[in-house]
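The structure that follows is given in the form of structure tokens.
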């Protein structure tokens, strides 16, 4: 009954000594390449670490410089703000002095007081109270001088001639008669100048 055993597996042929030495050389070459690769990686790692240390040192220097500049900027800003505040307080003090003087002297502030940030000045171009109204002009009084007619005398003479000659034309005889009548009948009425009051036909 039992099965008969099959043919036995063929045994590997014995390796020649030359093949062993070649295999050993390949393994040694692989090991050497691996060692060189590891050494190269270690060298590159050291180089990268060195560069990172340089970058880190430079970054720390830059951060320290930025911090120093920021501190100086804050100091300058604090100094400028203090000077600006003192200048503004000085301008406000000047304004208060002027207002105090006007209150104590019971005088009005005539010109505009301007306070612009840290500057204070009096604007003499703008008045805050109007100028007093000038007194009314007296009526013009015209005085007769010599032989010159005044405006009122001319109006009376024109009215007289208009009644006699509305058209504006009259004979010379009528004109001289009107003048003689005015000199004789209106004595003291200031109708004609004084020199005209002594006219005669012969003159």
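Glycine is treated like the rest: Cβ placed from N, Cα and C.
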For the region 'Disordered' entry in TrEMBL, name the matching range from 1-31, 32-62.
1-31
Just give the helix, strand and coil counts over the compositional bias 'Basic and acidic residues' (22-31), going by DSSP.
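The composition, in the requested order, is 10 helix, 0 strand, 0 coil.
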